[in-house]
Ligand SMILES: [Zn+2]
Ligand SMILES: [Zn+2]
């Protein structure tokens with residue numbers, strides 16, 4: 001889709017949504033000439049809370065020789081075993097029981113929501129607020145996702161937004177598809193990630209008791225149990241699925257598919273697609289990635305307006321996450337959803 005022809009829903013029709021306008025940094029990022037075409041009220045930055053997830057175009061890589069690559073062999077072995085198990089799982093898919101299919105699908109969405117509805121829009125970019133019951137559900141879903149605790153995930157993700165496409169970006173897409181997809185998890189982080197990551201403001205997360213509780217008591221073993229043991233035991237115990245199908249399809253294959261769908265946001269959505277909102281940044285709009293990552297592939301928009309709770313100009317358009325957050329809002333379990341006004345999204 002092209003600039004100026006988009007027909008997203010204007011958010012002001014939602015009573016509990018805060019419609020906000022783009023901050024000056026976004027306007028300046030597109031060049032001074034854009035200032036004249038923007039409404040005057042954009043001068044006022046009314047974006048609340050943390051701003052350390054906004055792209056900093058002044059930060060550039062220092063000229064230095066490429067550092068030696070240090071492999072993390074534990075991760076390489078575990079990821080290889082997982083993917084080998086998942087490949088074997090593919091051969092068993094056609095002989096799975098119907099309930100195992102449903103279970104795999106259910107767990108896929110719960111686990112995906114743990115990242116897309118919580119770690120991402122809620123704590124990396126505080127773009128909506130959940131009441132306690134939803135907070136508890138999301139913290140459990142996030143633990144099931146087995147992708148580090150919230151604090152660490154949000155820390156890496158803010159660095160990815162602020163220092164995008166530099167050495168300080170943990171999954172810098174300038175190193176290519178493989179590195180930004182999975183490779184970054186298999187090697188030690190670049191020194192710049194640690195250096196610049198240490199300068200990020202995470203005070204909002206430090207003030208959140210539940211986040212710090214999860215960080216303090218986050219045990220990889222417990223998360224692994226939630227991610228592997230539980231989804232394997234349910235089909236095996238409740239509808240007599242074979243152990244082989246429960247392990248290789250409902251557990252390994254499902255987990256590998258979810259992981260790869262999430263990683264595509266860092267790889268494919270930074271390399272393939274359109275730039276309708278900001279041509280000066282690498283992230284792109286990629287519908288296929290959105291399909292797999294329950295609505296996270298509108299990445300040019302998301303990097304331009306990270307504080308928009310739907311991570312796209314649209315609402316329910318290929319976004320199960322936005323649908324979920326809106327359902328929670330209609331049940332009074334979420335509030336203060338922040339949506340960028342349509343006028344702010346028009347870049348020319
Ligand atoms: Zn990105
Ligand atoms: Zn983000």
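Cβ coordinates come from backbone N, Cα and C, glycine included.
Among the ranges 48-66, 105-123, 124-142, 143-161, the one that TrEMBL lists as transmembrane segment is 105-123. Of the Cβ pairs linking the transmembrane segment (246-265) with the transmembrane segment (222-239) and spaced 6 or more residues apart, 3 or more are under 8 Å, so the two regions touch. Within the chain carrying the transmembrane segment (71-93), a Cβ under 8 angstroms from the stretch's Cβ atoms is held by residues 182, 185-188, 244-245, 247-249, 252-253, 255-257, 259, all 6 or more beyond its ends.
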